[in-house]
Structure formats: C-alpha cells, structure tokens
Amino acid sequence: MLSFAVLHYPLLLPLHRHRSSHLFTVRSSSAPDLVERSAEAIEDRRPVVQPYGLAPLPAIKAAKRVVLVRHGQSSWNAEGRIQGSSDFAVLTEKGEVQAETSRQMLVDDSFDVCFSSPLKRSKRTAEIIWGVREEEIITDFDLREIDLYSFQGLLKHEGKEKFGGAYRQWQVDAANFNIDGHYPVRELWARAKSCWARILAHESRSVLVVAHNAVNQALVATAIGLGTEYFRILLQSNCGVSVLDFIPQEEVGSPFICLNRLNQTPGSPVSSGTSAGRKSNKRIVLVCHGVTQANSDTGFPISGDRPMNMLGIIQSQKTAELLLDLKVSSIICSPNSACTETASVISRVQEAADCLGADCVPRYVDMKELQELSVGDILCESKKDTSESPNFQPLWLNKFEDGAIVELWTQSGKAWRSLLEELADESDQEKVIVVVGDPVVLIALMGHCLKLTKEWIGSFHLDAGSISVIDFPDGPIGRGVIRCINYTSHLGRWSIPITRSTADEEDF
C-alpha cells in the first residue's frame with residue numbers, strides 16, 4: 001500500500017484566506033439562455049449508451065473480486081514503439097520498480113489464482129507481483145495485447161508516415177480501424193469476453209489478472225457492458241490496478257458487476273498532463289469529502305449536512321496534499337458542511353503553495369457552491385432499508401427506489417452541464433476544476449461524462465476521501481477520458497485496501 005507524508009500544518013486552525021477565494025453560490029438555473037443552450041449542445045454531441053448492450057457474462061455461485069494490473073514500463077514503451085501483440089519488448093528498470101511497487105500494494109491480499117498474458121513483459125510483471133506464492137500462474141493466450149498486424153514494431157512517426165490515413169483512423173476512430181483485413185479493437189472485445197468466461201468459471205474468490213493496456217481496457221468495458229467506442233476512454237497506466245466486483249444474482253443469470261476502482265497507479269494520478277499520449281489542458285478532479293460522524297454512526301454513505309469527524313479532516317488534508325501537484329483554477333462544492341470543509345482545506349493548501357515549497361508564488365483559487373451537487377436529501381427521504389448494506393459497499397445504490405434515482409440523475413445532469421460551462425471558459429487555456437461532493441453525486445457525474453443512463457449508477461463505487469480524475473484532451477466539447485476512479489492510496493495508513501480477504505466472508 002502506498003503512503004504519503006502528512007502535511008505539518010495545524011489540524012483545525014484555518015490558514016490565511018485571500019478575498020478572491022470567498023465562497024459564492026452558482027446555480028445552473030440562473031445561467032443565461034445562451035449558456036444553457038451551449039451546455040446542451042455539448043451534451044448532444046455524445047450519443048447516449050444504453051446499459052448492458054453486450055452479451056451477459058456467465059453466472060457465478062459466490063462473490064468474486066478480480067484485480068487487473070497492466071505490466072510495467074517496457075523497452076518499447078520507452079522507445080515510443082508500437083507493440084501490439086509482439087513479444088520482443090522486456091521490462092525496463094523502471095518497469096521492474098513499478099511492478100515491485102504494485103507487489104507491495106497487493107502483498108497482504110489473499111489471491112486464489114493469477115491469470116497472465118503469455119507475453120514476456122506481462123509474465124515478468126506477474127512473477128514479481130505473485131512473489132513466493134506456491135500456486136502456478138495460469139497463462140491465457142487471449143490475454144495478449146491487441147493484435148496490430150503491420151503496425152507492430154513501428155515507431156509512432158513511422159506508422160504515420162507509412163500508413164497515413166489508416167494511422168489517422170487508429171488515432172481518432174479506433175473502433176472502426178481496419179488494417180490487413182482486420183478490425184483490431186473489435187477482435188479485442190471478442191477476446192475479452194472469451195477471457196471472462198474462463199476467469200469467472202474458475203473456482204476462486206479473489207483473482208489477479210496481469211495483462212496489457214488495451215486488453216485491460218477491454219476487460220473493464222466488457223464486464224460492465226460498454227462497447228468498442230469506449231476504447232481509450234478508461235485509462236490503464238503502467239502497473240495501474242483496476243478492481244471489479246462480481247456478485248451473484250439470486251436467480252441464475254449474469255452477475256451484478258461493480259467497477260470498484262480504475263487505474264490505481266504506483267505514482268500520483270494527477271502528476272501527468274497526458275491522456276493516452278495526448279496533452280490535456282482541461283481536467284475535472286472529483287473529490288469525495290472525508291468521513292462524517294453520520295457515516296460512522298448510520299453506515300449510510302451520504303453525509304446530509306453533518307461536519308467531518310477527525311478521520312474525515314485527516315482525509316481532506318491528505319487530498320489537499322496530493323492536489324499540490326496541480327494548479328487548481330477553481331473549487332466547486334456542494335453546500336453541505338462536509339463538502340465545504342473539504343473544499344476549504346484544499347483551497348487553503350493551494351493558496352499556501354509557495355510556503356509549502358510547491359510553487360514560487362501564492363495561488364489564488366475561486367471557491368463556488370453549486371446547489372445541484374447537494375443530493376443527499378433525495379436519497380435520505382426516499383431510501384429503502386439499507387441496514388444490511390455496510391458503509392460504502394458496492395451496489396448499495398441499487399437498493400433505492402427508481403423515483404429517487406431518476407431525481408438524482410436529473411439534478412446531477414444539471415450540475416454536469418454547469419461544470420462543462422465552467423471548463424469551457426476560454427480565458428484560461430489550462431483549467432483544473434476540483435469538484436467536492438457526496439460519493440453518489442460524483443458517481444452520477446461520471447455517468448453523465450460517459451454518456452450513460454441512470455441504470456448504470458450501481459456499476460461504480462467510490463469511498464470517502466477518494467479522488468477520480470477526468471481529462472478532456474479535446475476540450476469540454478470532446479469526450480472525457482477517465483484517468484482514475486476511486487483512487488485512495490494518498491490516504492496512507494487510512495487508505496481503503498485495493499482488495500479484501502475473502503476467506504471468511506460471504507460477500508465483499
């Protein structure tokens with residue numbers, strides 16, 4: 001598990017505030033008609049995706065957690081060479097270190113089995129992470145990287161020079177990219193489905209899968225029901241870890257599936273400005289507020305209007321420290337107490353960047369409240385019995401009445417359009433917006449970003465104190481790239497484990 005040093009500033013004493021960062025309220029309903037139409041135009045460019053459009057996965061008898069890891073940096077990664085399913089590259093020294101860091105992240109986890117790609121760079125990563133465990137690693141040929149045929153082995157500029165239009169299509173329309181009579185991304189999605197059939201059929205509760213960038217994207221997407229148009233949207237960094245929970249239905253059928261986290265990286269998820277190799281000057285960081293006393297007492301993952309407890313304050317400080325790697329333009333939060341507290345801590349640390357050695361001058365950060373981010377009352381007043389659902393457990397949102405989910409989805413959609421308008425401000429070429437809210441509204445915002453429907457809301461999970469990062473390499477009118485979901489390693493000793501022991505538990 002990764003840990004980061006605690007900032008040594010007073011726990012409860014406020015830092016000096018600049019007048020420019022005083023809170024003020026933003027309401028999307030009061031925006032001018034032109035602004036509202038512009039936001040809707042941005043949304044209209046993205047087709048709505050209906051849930052579970054792919055064939056169902058095999059039924060399972062018991063809950064299963066699958067941890068996906070991409071291999072460490074390879075020699076061809078370092079050279080900028082197109083690898084595909086070729087097997088000439090090996091791990092670099094940096095790649096070996098990344099794999100060792102991932103091993104430490106997962107060292108206490110009781111995996112029952114490990115599946116690996118047959119390619120050297122992946123097999124070596126699997127060997128490092130698997131360590132001294134006695135069970136043999138299962139090699140699955142379908143876990144190899146995407147087949148790129150004539151592209152393989154070329155430097156990227158050589159691919160552009162040699163293949164011209166085909167290379168351009170690979171960059172901008174990969175789902176329909178054709179080379180040597182093949183559609184590589186479509187073939188990859190079919191392979192991923194084949195892999196799930198074997199992984200889910202294995203008699204195991206906790207599974208480690210070590211493979212590659214594209215195939216891990218396909219595994220995540222096919223699990224939760226997303227098609228080939230989501231290639232390059234769910235980022236997988238070298239040795240990035242993603243976690244999927246599979247929970248059996250009461251009747252025999254495809255299991256419930258929840259993406260517990262995406263791309264938990266060995267290094268900071270906010271330090272890089274590129275997404276899938278492209279520069280991104282626009283970014284939204286979703287921050288879950290720290291734990292409140294209400295969370296601790298009731299087990300209900302909505303804070304209402306309760307302040308954070310001591311653990312929540314520490315979590316907010318850890319998040320503020322992580323975000324020092326970014327120059328935040330504005331912080332937009334729910335008006336609820338825990339959210340405004342978390343936003344204030346992030347703002348104070350940003351404005352003290354020069355004192356903390358992160359910048360040579362103070363930073364000035366706008367703080368704004370957005371009423372549409374306050375959704376706790378919707379679920380608190382309409383919730384069914386959630387007493388059997390432990391705090392922040394996967395699929396807890398599926399227990400609510402449909403009317404409450406519809407209202408939540410509609411209100412969060414208004415919030416998302418307001419955020420896109422804030423991001424579209426052309427006066428700031430590089431813009432980073434931090435959004436602080438309850439986990440449920442942040443999940444809904446990610447769903448709107450991916451242009452999903454409300455039926456998908458139970459397919460994602462966030463923990464208190466976590467961050468999720470969305471990059472916009474083509475600006476707010478383009479598709480958002482999910483850099484990570486539910487990143488918690490910055491919380492150090494209070495981090496949520498990536499996997500949990502399943503030896504004595506019926507469910508996760």
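Residue 1 is the first one shown; counting continues down the chain.
Just so you know, glycine gets a Cβ as well, placed from its N, Cα and C.
Quick look at what TrEMBL lists:
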ACT_SITE  H71  active site, tele-phosphohistidine intermediate
ACT_SITE  E145  active site, proton donor/acceptor
BINDING   R70, H71, G72, Q73, S74, S75, W76, N77, R121, K156  substrate binding site
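Known features from TrEMBL, placed on the structure.
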| residue | record | contacts (Cβ under 8 Å, 6+ apart) |
| --- | --- | --- |
| R70 | substrate binding site | V210, A211, H212, N213, N216, Q236, S237, N238, C239, G240 |
| H71 | active site, tele-phosphohistidine intermediate | L91, G95, A99, S117, L119, R121, S122, R124, T125, V210, A211, H212, N238, C239 |
| G72 | substrate binding site | L91, T92, K94, G95, E96, V97, Q98, A99, S102, R121, R124, T125, N238, C239 |
| S74 | substrate binding site | Q83, A89, V90, L91, T92, G95, R121 |
| W76 | substrate binding site | I82, Q83, F88, A89 |
| E145 | active site, proton donor/acceptor | Q83, G84, S85, S117, L119, S122, A211, H212, N213, A214, V215 |
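Site extent for substrate: the farthest pair of Cα atoms among R70, H71, G72, Q73, S74, S75, W76, N77, R121, K156 sits 21 Å apart.
R121 (substrate binding site) is surrounded by 29 other CB atoms, counting those within 10 A of its CB over all protein chains shown.
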